[in-house]
Amino acid sequence: MRFAYRFSGLLGTVYRRGNLSFTRDGNSLLSPVGNRVSLFDLKNNKCETFPLATRLNIVCVGLSPDGTLAILIDEEGAALLVSLIGKCVIHQFYFHKPVHSVKFSPDGNFVCNYASPSPPYDRKFVITKDNLAYLYHAPGKKREFNAFVLDKTYYGPYDETTCIDWTDDSKCFAVGSKDMSTWVFGAERWANLIYYSLGGHKDVIVACFFEENSLDLYTISQDAALCVWQCDTELDGLKPMPPKDAAKEEDAGENDEELLEEPKGEEIHGKANPSEQETRNKVKYSRVAKYFFNKEGDFNNLTAAAYHKKTHLLVTGFASGIFHLHELPDFNLIHSLSISDQRIASISINCTGDWIAFGCSGLGQLLVWEWQSESYVLKQQGHFNSMVSLAYSPDGQYIVTGGEDGKVKVWNTSSSFCFVTFTEHTSGVTAVTFTSTGYVVLSASLDGTVRAFDLHRYRNFRTFTSPRPSQFSCLAVDSSGEIVSAGSQDSFEIFIWSMQSGRLLDVLAGHEGPISSLSFNPMKCLLASASWDKTVKLWDMLDSWRTKETLIMNSDVLVVAFRPDGKELAVAALNGQITFWDHENAVQTGSIEGRHDLQMGRKELDKITAKQAAKGKSFTTLCYSADGQSILAGGLSKFVCIYNVKEQILMKKFEISCNHSLDAMEEYLDRRKMTEFGSLALIDEGGGGDEGVAIPLPGVKRGDMSYRHFKPEIRVTCVRFSPTGRSWAATTTEGLLIYSLDSGLIFDPFELDIDVTPNNIHKTLRQKEYTMAIIMAFKLNEKKLIQEVLEAVPSSEVDVICSSLPDLYVEKLLEFLASAFEISCHLEFYLIWAHKLLMLHGQKLKTRSVKLLPVIQFLQKSIQRHFENVSKLCEWNIYNIKYALAISEQRGVKRLAEEPSVDEEELDSDSDCLMQEVHKDKLSS
């Protein structure tokens, strides 16, 4: 139970590649993030990453029309059928080859004629791979499970297929191809439409869309051309094929070797140039218009498009980051805007047509734009390069991250959104931390500055620099928040500044190698510095920063960390050992040999085995738990380890990723990628057509020859425990991963007795023995039962019960109250409980403050969040009440416009006097 941490969220990465999809209600957005998928709730401003993952990066997502199912397909064609309600995997399927696109039929209600093998009300979906389209049956609404069953295979295009679109009644679908043609196929065998080929383009088809309740079609190509196709037949005019003509046609072409491995179902072979006899009494298309998005002389590749059928709104995205809004079929430009300097990879429109989602894979951007008000609904971007460091705020509500792109981002752990980004650094950020107040963020960078940011006004209010330019590799701030220290990796010095004045106080010299880590003692004015010179030095702030002690290690020191009570020091060295020291007496108290626990993976280009490579690897980041009893360690591996400090044993090992699109994931060499000439990974395939970089033929100057394709290596750069002790975070190649305690499905009783049963608890409660009922409920340790017992206690009895509650259960009750605040609506009732417990048992709790610190911080975090929400609501209500009172007071008073003002009265009197004087002058004359 204590180490039952489970994956609960992915921050720092909002979009990688693949298609975006809005849910059925249009209020949430599904975004593929590497080998996971995130759901952005745009109404409630929350983000949730599903606790499931594919083996490789997700390239396409298909969402069912009722919004309950989704198909996730990775780079090699492995698919997961996922329930969006239960957030779990229902079925796995392998398509054997990479899939380019997938789409469910819109309504799932198929007309079942006597020639069709499919049952009525069947849900289907189409996937495209290579130059073929496949129509599958998906699981229906019945209780029995029906795996993916292939219904039909469609032949026609000569090159790879790119896009799919269905008609509104699911009778037909269109498929676009790289051979510049678009094919219309019947989902059933219609007498007047089996297949139809459309040309008219000079480049790859990017998207094709049917008009609402019609067979009319729009096709869009990569050279920014739009063709409008009109059909001479309505959807109702499609005729079912008689049974005698519905026999399967013989296969005239050669079969693909790969497809022989799976059942093909019915095959439909399309011809680009059918004979006159074959086209007689068939559906005919004619091109009625062709439009161009680019102006003359402008070459801007069109990369993505989406069409909203009800409002006739076409959205197109380009490689330059510009998007256009057009009204069809007249091609009227409504709006045009540049949202990025990278190519727009995916576009999606919600059901109402108000919100448009854009995904830019180059920078990892996700934008939701409301085009009518011209405002952003969502604007999120992760770190462009990998994250390097992270830190929790003292109350655990916020996380700050620093990346190699020079950005400092602050994330809300409740909503998983980034709410402020600081871009003042001009080089990579190496370390970040919060001060003890929680309102100041400090960051160190390779640009030679340490910057302090204010979270009230969101500004950089202090910049600390060294006398000579230095690259700072580590950072620490003392418990008071007044002393800031940073270590240099080129001058081997430690710089000390005052937060109040911003002045440099001292420069500490003594190390003979780059400074790798700094840590302040939480309880004393003591600074520990680690260096590559195989030493850890302890500097006493009260003794003019003199070296109090030097600890000699056997290897280069990489990271150092103090226990929360300040009585122990943990040191990780290059030889893979974690050593524990009593720094007061300079005595080593224990060590952990952690090299084997790292379990390194073998990179594709490694010449040696993973076991041999692990001998030179070590932990690069350490962090004590909030209670100081365990330590979290991570390094250049896909594993994060939790050790028990006292017993010095491995308690649990977490695999942070199963994404084989990253390097160093496999422990052994993949023999399938080996040839007689070496590994296939040595062949640089370039970016391909998707990234706009083409591999040129000999003598053809096309494409970026400097482009290199690389696989990022899996690594953990920083780990931190939350101050509440209920979660921990790790910055990895994939992003910022959050692991939280999941106690929902675990039965973990405490001092359980044979008489402690739910029936006896309810019986005790009916007898109004509230204290005994609470103790029995905590012994059984069922959350719902504890909540029921507590909420049955009258508020007038809370004071008496709190005073009679044993000390052991006070701590448990405080922890339960902290978790209850997050979900319960009985705010005042639980605040009474918390107030009475702290007032009556405050002195006793103070003696165990170190042990109880995580629980108190968890309680503070929950109350603080409610305080912020309620205070905003109260301020808004006070403003509205004042406004209403001011309006009501004005109603009883006459309008100022009806009375002459003071100036007008004076003006009238002046004009009267002037008229009298003029009249007198006339009489005298």
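Cβ from N, Cα, C; glycine included.
Per TrEMBL, region 'Disordered' is recorded for 240-279.
According to TrEMBL, the feature compositional bias 'Acidic residues' maps to 251-260.
If you look up TrEMBL, you'll see 261-270 marked as compositional bias 'Basic and acidic residues'.
Taken from TrEMBL, the feature repeat 'WD' applies to 380-421 (among others). According to DSSP, the secondary structure content of the repeat 'WD' (380-421) in residues is 0 helix, 23 strand, 19 coil.
Look at TrEMBL and you will find 422-463 (among others) tagged as repeat 'WD'. Across the repeat 'WD' (422-463), DSSP helix (H, G, I), strand (E, B) and coil residues number 0 helix, 24 strand, 18 coil.
Within the same chain, residues 473-479, 483, 485-490, 492-496, 547-562, 564-567, 569, 571, 573, 581, 583 sit at least 6 positions outside the repeat 'WD' (508-541) and bring their C-beta atoms closer than 8 Å to a C-beta of that stretch. What TrEMBL lists as repeat 'WD' is 508-541 (among others).
The domain 'Small-subunit processome Utp12' annotation in TrEMBL covers 781-885.
If you look at the repeat 'WD' (380-421), the same-chain residues 6 or more away from its ends with a CB under 8 A from one of its CBs are 9-14, 45-49, 363-367, 427-434, 436-438, 441, 443, 445, 447, 451, 453, 455, 458, 712, 715, 717-718, 720-724, 727, 729-733, 735-736, 738, 857-858, 860-861, 864-865. DSSP states for the domain 'Small-subunit processome Utp12' (781-885), grouped as helix (H, G, I), strand (E, B) and coil, give 95 helix, 0 strand, 10 coil. This prediction places the mean pLDDT of the domain 'Small-subunit processome Utp12' (781-885) at 83.
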